[in-house]
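Below is one structure, written out as structure tokens, with a few remarks after it.
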């Protein structure tokens, strides 16, 4: 009888634990529901703005009223949490003044990478006696 009561308690505990887990997962938290409601409101405002924009292109649209002034103001519709998606001005990583002062070896390394025929060389370029013009290693010299 003792073993049966332990198994009954274990199954009861497991079912209660599963119900509690489902309750925590399924039932929404009030903070999440308010943020979801705010997101839905923002989306609804954007849809209304796009509809109003489409109607303003039509010549017979009557948009005089308080709804146009409320939805037409773009300052009220900006989301603060998101930053700029694209930078306004694309600038180089190194300022122009500093780039003129720096010694760039790009021209010298490009000359080393290609042979007289325009083919790219492979391998180390340490010494001319070690490799030929095509990047093949010389043996026996």
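Glycine is no exception: its Cβ is also placed from the backbone N, Cα and C atoms.
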Of the residue ranges 7-28, 29-50, 51-72, the one that Swiss-Prot records as region 'Disordered': 51-72
Rounded Cα separation (Å) that holds between residue 139 (phenylalanine amide) and residue 117 (sulfotyrosine): 23
Local backbone state of residue 117 (sulfotyrosine), from DSSP in three classes: coil
